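Look at TrEMBL and you will find PRO86, LEU87, SER88, GLY89, GLY90, LEU91, GLY92, SER93, SER94, SER95, THR96 tagged as ATP binding site. Annotation source TrEMBL lists domain 'GHMP kinase N-terminal' at 64-139. Annotation comment: TrEMBL describes 202-277 as domain 'GHMP kinase C-terminal'.
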Amino acid sequence: MSGARKAVVSVPATSANVGVGYDCLGIALDLRATFTFEESDGLVIDGCLEKFRGEDNLAWTSYLEACRRMYREPRPMHLTIDSPIPLSGGLGSSSTCVVAGVVAAQLLNGDGFDPQAALNVATFLEGHPDNVAPAIMGGLVSSFSDGRDTRSLRFDVADGISFVAIAPPYEVRTADARKVMPESVSTETCVWQVGHAVATVQALQSGDCDLLAAACQDRLHEPFRARLIPDYEPLRRTALAAGAAAFLISGSGSTMLAVCDGDEGARRVANAVNNMVENHIDGLWVRVLGCSPKGVTFEV
């Protein structure tokens, strides 16, 4: 079957780990990047920084890999990117590129959108499913892989839960964030994480912020990764003092996420963070966001 000549793919930002769900939990946020793939005489990429306009562009290489796995000949594209997602890391900017490229390959080759196939390829390209799964499915997603296929379970997040995304003006490299992780952990830590992860999912589903405050207490990765974010502690103190139920490192950072009871509570936290007198941070990016129940969407 021949495919379309143009596909517009919209992918939500995502926050991986959700505190205690290291490499398995992720949540879609209502901030979206749009990728327009249009058949062209040669590769043209615009709408992004100059350094991302070459043949190593992640959306383009993801499209190529998906075509290869579908045994289809890729066509040259004019790729236009419109993304409000910070590049400093932690809100799934790379995952939006991966998912967009994979889904565009399905659509433009006439196969139609296959969520499970897209998830498998995107997980292979990203190395883990905690961002790409919610980017495809929306909502709160728990995932695991058996080495070949990725299994993902989607949950709705209560309407009363709001998030404040806080991105400082510097990056934390994922490789550095993984390097500071301990090589092994105790059985006690494993038991702590499992129990708290299950409770965190229930708290987000039900909107129980008291349960969330008790449950979302990570011991596996955040105590180590926090050292890579110079402003983590003052931002955490400020957000919790302003009423946030939980404060998380989003993905590997540097973005952080305050989880709040309602939009009003989230705005109060955002204002407190923006107006910090002590430890004021120039160039801080702060947004109040909801959970996006929709994952990737598209038009052809």
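All positions are counted from 1 along the displayed chain.
Heads up, the Cβ atoms here are built off N, Cα and C, so glycines get one too.
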Helix, strand and coil counts within the domain 'GHMP kinase N-terminal' (64-139) (DSSP): 40 helix, 6 strand, 30 coil
Lowest local Cβ density among PRO86, GLY92, which the record lists as binding-site residues, within 10 Å: PRO86
Among SER88, SER94, THR96, the most crowded of the binding-site residues [Cβ within 10 Å]: THR96
Structural state census, the domain 'GHMP kinase C-terminal' (202-277) (DSSP three-state): 42 helix, 10 strand, 24 coil
Neighbours of PRO86, LEU87, SER88, GLY89, GLY90, LEU91, GLY92, SER93, SER94, SER95, THR96 excl. site residues, C-beta within 8 Å of centre, ATP: ALA13, ILE85, GLY251, THR255
Across the domain 'GHMP kinase C-terminal' (202-277), average pLDDT on the 0 to 100 scale: 96
Cβ atoms near GLY90 (ATP binding site) (within 10 Å, other residues, all chains): 32
